[in-house]
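Features of the protein shown, as given by Swiss-Prot:
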{"type": "BINDING", "residues": "S11, W12, R33, K106, A141, R256, V280, E282", "note": "NADPH binding site"}
{"type": "BINDING", "residues": "K106, G137, S139, K192, D245, S255, R256, N257", "note": "sn-glycerol 3-phosphate binding site"}
{"type": "ACT_SITE", "residues": "K192", "note": "active site, proton acceptor"}
Amino acid sequence: MTKITVVGAGSWGTALAMVLADNGHDVRIWGNRSELMDEINTKHENSRYLPGITLPSTIVAYSSLEEALVDVNVVLLVVPTKAYREVLQDMKKYVAGPTTWIHASKGIEPGTSKRISEVIEEEIPEDLIKDVVVLSGPSHAEEVGLRQATTVTSAAKRMEAAEEVQDLFMNSYFRVYTNPDIVGVELGGALKNIIALAAGITDGLGLGDNAKAALMTRGLTEIARLGRKMGGNPLTFAGLTGMGDLIVTCTSVHSRNWRAGNLLGKGHSLEEVLESMGMVVEGVRTTKAAHELAEKMEVEMPITAALYDVLFNGNNVKDAVGSLMGRVRKHEVEAIPDLL
């Protein structure tokens, strides 16, 4: 039995805490809403973020980060990307020794465009880091909460660390593969949110299956293009954290990013969409970060650029579709010649 603290009591953090508790681990979960932590402890439910799911009674919730981290050497971070530095700066005051830092957040840090593992390594002193591991893949919290079959990937620079995390999570309904490509796994999980927003827009506009299939396929090309430039393995983007996560996020009503895009496609403003969602839509911030990265690294990402103009420059969604369809003719695979 391993002592694990889950930092972040949203839908995904709560679902992963359930998986770990089902596996017999000593699981604590921290959140900044004391009434929500009280509900988890007394009613064994997170009615705000994962309603209708009865949580194992062994999960103990804390609103004090200091108390949640006592005698723990494995932490699972599941907080919005914009909150990472602030949370990590608090956490390092209370972590006593070398710790395995797992993160399951799919995004890029706003402002710096850095991957979350890079943020962890910048904020946490070396003597407090045993390993940094990423957990990512096609995984809606709602389905994991129902213990429906789910498969994800554990990635770390040190394969033994990825395998240790694999062992922590594996059970009859939650399968975990390993991958040494931490860059590709993080980028696949983050960048697919951009394409999911765009897929939601195509559905909101009623453009049909042909358009959506093309968008997802060309979107995956963009993800792989930037991922390769940043050091990711092209094969990673054909796996669970690339194609797999892209499919589930672009086609499911559980997807916040798809739902947000769908509302945009139906004519709602970004402000209206974000207000109505009530939860973080990482794809909005990730679009900005990826657009900045693409310009800096001179990587062609036309779908990302078109979505950026819709979100941040007020471009009309129909005009964005027209601009993509009217681009100069191209060879389909010219951008990824080493895959031929």
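Glycine residues also receive a Cβ, built from the backbone N, Cα and C atoms like all the rest.
Geometry remark: K192 (sn-glycerol 3-phosphate binding site) versus S11 (NADPH binding site), CA distance 19 Å.
On its own chain, W12 (NADPH binding site) has V78, A104, S139, A141 as residues at least 6 apart in sequence with a Cβ closer than 8 Å to its own Cβ. Here the candidates are the binding-site residues S11, K106, R256, E282. The one whose C-alpha lies nearest to that of D245 (sn-glycerol 3-phosphate binding site) is K106.
Each of the binding-site residues R33, K106, K192 was ranked by the number of other C-beta atoms within 10 Å, and first place falls to K192. The 10 Å shell around the Cβ of A141 (NADPH binding site) contains 22 further Cβ atoms across the protein chains shown.
The distance from the Cα of S255 (sn-glycerol 3-phosphate binding site) to the Cα of S11 (NADPH binding site) comes to 12 Å.
Using a 10 Å Cα-Cα cut-off around N257 (sn-glycerol 3-phosphate binding site), the binding-site residues K106, V280, E282 reduce to V280, E282.
With K106, G137, S139, K192, D245, S255, R256, N257 listed as the residues that bind sn-glycerol 3-phosphate, the site has a largest C-alpha separation of 15 Å.
The binding-site residues shown are S11, K106, R256, V280; of these, the one with its CA atom nearest the CA of G137 (sn-glycerol 3-phosphate binding site) is K106.
DSSP assigns A141 (NADPH binding site) to a helix. In sequence order, P80, T81, S105, K106, G107, A190, N193, R256, N257 make up the list of same-chain residues 6 or more apart from E282 (NADPH binding site) whose Cβ falls under 8 Å from its Cβ. The most densely surrounded of the binding-site residues S139, R256 is S139 (count of other Cβ atoms within 10 A of its Cβ).
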